[in-house]
Amino acid sequence: MPGHFITFEGGEGAGKSTQIVRLKAFLESFGKSVIVTREPGGSPGAEKIRSMLLSGGAKDLGPRGEAMLFAAARADHVDVTIKPALERGDWVLCDRYADSTRVYQGEAGVDQDYLKLLETAAIAGLHPDMTILIDVPPEIGLSRVAKRSESDESGGPDRFEDEAVAVHERRRKLFLQLALEEAYRFTIVDGSRDEDFTEQAVRKAVLEAFSGDLVDMGKLSQRSEVHL
Ligand SMILES: Nc1ncnc2c1ncn2[C@@H]1O[C@H](COP(=O)(O)OP(=O)(O)OP(=O)(O)O)[C@@H](O)[C@H]1O
Ligand SMILES: [Mg+2]
């Protein structure tokens, strides 16, 4: 497919949403067309499922049923939003994707083979070209989230934020393990420093991974002027 698909993963408050906005602007400075999307959600159908999942309304289904809802949302998101954008040649920056299901539902005890089946069905072959894992200790991430909820209208923690630190700690380990197992597509970025530091690390990783696609048009035209 002509586009580029980058996913961001990591725990609550790692800085995923913050860095996605910054990376979008960076890619646009190269003249790229960029869309930002998120999971669960990212398409009208999937957003309906999102509100059920994050309000806890689907908790009664149990972890297996809940995983199915995540898969249903992902299938719609892939078909309606991600795939058409990649076919157009856009850069797609996605805030959480299949790795979050592996980690969150995996940590909740859902069988790995079952999760793999759901993932295969949901993504229909659409694997990310690159996954940026922003890694932070849960205490740092959670304290940022607590501060964020004081200042925004989100009305307190969602179903996945309101959990014991030990659970967040296990998820962090699972993300890191996954990043090592699939190192060919993962970059781990230290999210515990300030936003600018993380941004530089993200930029460096993206420039390395897609160097051929990210030619600085300004520099290129200056260079050709010199040659003329
Ligand atoms: N490196 C950083 N240092 C300090 N604060 C940060 C940093 N990155 C983000 N923040 C702030 O911390 C809060 C959480 O960041 P952000 O929303 O980007 O995290 P997230 O990974 O998207 O979290 P969630 O999983 O809850 O969506 C925000 O208020 C943001 O402004
Ligand atoms: Mg976010």
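Glycine is no exception: its Cβ is also placed from the backbone N, Cα and C atoms.
Note: TrEMBL annotation is automatic and uncurated.
Confidence for the domain 'Thymidylate kinase-like' (8-198), expressed as mean pLDDT, is 94. Positions annotated as domain 'Thymidylate kinase-like' by TrEMBL: 8-198.
As annotated by TrEMBL, ATP binding site applies to Gly10, Gly11, Glu12, Gly13, Ala14, Gly15, Lys16, Ser17. The Cβ of Ser17 (ATP binding site) lies under 8 Å from the Cβ of Arg38, Asp95, each of which sits 6+ residues away along the same chain. Under DSSP, Ser17 (ATP binding site) is assigned to a helix (H, G or I) in the three-state scheme.
Highlighted here are the binding-site residues (Gly10, Glu12, Gly13, Lys16, Ser17) whose C-beta falls below 6 Å from ligand 2: Lys16, Ser17, in sequence order. For the ATP site, the Cβ centre of Gly10, Gly11, Glu12, Gly13, Ala14, Gly15, Lys16, Ser17 serves as reference, and the other residues of the chain with Cβ at most 8 Å from it are Ile134, Val136, Gly141, Arg144, Gly191.
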